[in-house]
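So the structure is just underneath, and the comments pick up after that.
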Amino acid sequence: MNTKVELLDEKNIDEKILKQAGYVIREGGLVAFPTETVYGLGANALDANAVKKIFGAKGRPQDNPLIVHISDIKEIYKLVKFIPEAAEKFMNEFWPGPMTIILPKTDLIPDVTSAGLSSIGIRMPSNIIANHFIKAAGVPIAAPSANISGRPSPTDVERCIEDLNGKVDWIIGGGMSEFGVESTVIDCTVEPSCVLRPGRITLEMLRKIEPNIYIDPAVMRKPSRDLKPKAPGMKYRHYAPKAKVKIVQGDLKKTIAKISEMVQNYIDEGKKVGIMATDETKEHYKKGFVISLGSRKNMVEISKNLFETLRSFDDENIDIVISEAFEEQGIGIAVMNRLQKSAAFDITEV
Ligand code: TXA
Ligand code: MG
């Protein structure tokens, strides 16, 4: 398949291109597009055959449901059976934005889109290109992250091209994603609501609206037989670059010492080692290929750079990436969740 790539400018959107891309969606095609979290791979959410193509292009397990994207709050009413009060409040407060809410679905949504579940995740992105694209399509758009299943989500158009060129009809570029981690997923079919995937909309922000909301305990722990995450997608090895990822967690000074020791050992074994550091620590590493995620004082910057940094170690053919850890608080919960999964929970405590 010949993939058409179109680069758009958020400040000066070419509506003619979005009109054509919208037509591709209505005709049952696949279009990757930017959002404020990560790039998405879109298809008409109401067209079972189009949605099936998403699973094929990504190599995604069939039991992993998709998120349906809308451009106006009004569009939700035909997609879900009812909206509890808490969900209504979350929508009013955080849409458009990086939040997905899970609600009981109507029959309008085919079973492939929800992977056979009776519920569906709905999200209204704030990214202006995404918003105009969904409007131009005139149908709700089912879109997982636009990566090959298991790889870190793409936060820039080059990474979409890397993963999806030749597998999709169109790729729309629109600069680097603002937040870099996927939306906060909230299950609103239960009471109190439950966070199935942490993101930029933090637990603290959600608790201001629903004080009893909590994070699914399986989110921050290694999945086991009795601890299965409620979001099917969270049980898979995920966000993994080709390099093996390891995390060192604890006091920062001890972390630097431990990482330096591990780097030396791997170099002695003839391995190419990368270090995922921060502005505060990067000067302390004397060996290894060091990339800083940004300042520890700015967790939004760190979340924005996380997936791109993981992928850039692959560009250097690094064998092993050792990462520092972050405090599990605020956006740090989302960052640590993605990092732990990319490392398949290989964590050394110091
Ligand atoms: O920020 C985002 O949400 C991005 C952009 C493109 O919008 N999309 C995204 O989609 O991250 P995806 O498919 O990569 O992740 C969706 C997550 C998966 O973990 C999936 O299992 C969960 O949401 N999910 C979707 N529908 C669900 C449902 N009905 N019940 C439980 N979990 C659900
Ligand atoms: Mg994904």
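Cβ atoms here come from the backbone N, Cα and C positions, even for glycine.
Listed in TrEMBL for this protein:
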- 15-201: domain 'YrdC-like' (DOMAIN)
- Thr37, His69, Arg123, Ala143, Ser183: L-threonine binding site (BINDING)
- Arg60, Asn64, Ser145, Ser153, Arg197, Tyr239: ATP binding site (BINDING)
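Over the domain 'YrdC-like' (15-201), the average per-residue pLDDT in this prediction is 97. Taking only the Cα positions, the spacing between Ser145 (ATP binding site) and Ser183 (L-threonine binding site) is 10 angstrom. Filtering Arg60, Ala143, Ser145, Tyr239 by Cβ distance to ligand 1 (under 6 A) retains the following binding-site residues: Ala143, Ser145.
Taking every pair among Thr37, His69, Arg123, Ala143, Ser183, the residues listed as contacting L-threonine, the largest Cα to Cα separation comes to 13 Å.
Less than 8 angstroms from the CB of His69 (L-threonine binding site) sit Thr35, Gly40, Gly42, Ala45, Ile122, Arg123, Met124, Pro125, Ala130, Ile134, Pro140, Ile141, Ala142, Ala143, each of them six or more residues away in the same chain. The Cβ of Ser183 (L-threonine binding site) has 27 other Cβ atoms within 10 Å, all protein chains considered. For Ser183 (L-threonine binding site), the spatially nearest entry among the binding-site residues Arg60, Asn64, Ser153, Arg197, Tyr239 is Arg197, judged by CA separation. One way to see the shell of the ATP site is to take the Cβ centroid of Arg60, Asn64, Ser145, Ser153, Arg197, Tyr239; the remaining same-chain residues with a Cβ within 8 Å of it are Pro144, Asn147, Ser149, Glu182, Gly233, His238. By a simple count of nearby Cβ atoms, those within 10 Å, the most crowded of the binding-site residues Arg60, Arg123, Arg197 is Arg123. Between the C-alpha atoms of Thr37 (L-threonine binding site) and Arg60 (ATP binding site), the distance comes to 19 Å.
It is Asn64, among the binding-site residues Thr37, Asn64, Ser145, Ser153, whose Cβ has the fewest other Cβ atoms within 10 Å in the structure shown.
Listed in chain order, the extra residues whose Cβ falls within 8 Å of the Cβ center of the L-threonine site residues Thr37, His69, Arg123, Ala143, Ser183 are Thr35, Gly40, Ile67, Pro98, Thr100, Pro125, Ala130, Glu182. The local packing around Tyr239 (ATP binding site), expressed as other Cβ atoms within 10 Å of its Cβ over all shown chains, amounts to 25. Around Ala143 (L-threonine binding site), taking its Cβ as the centre, 27 other Cβ atoms fall within 10 Å, counting all chains. When every Cα pair among Arg60, Asn64, Ser145, Ser153, Arg197, Tyr239 is compared, the largest distance found for this ATP site is 18 Å.
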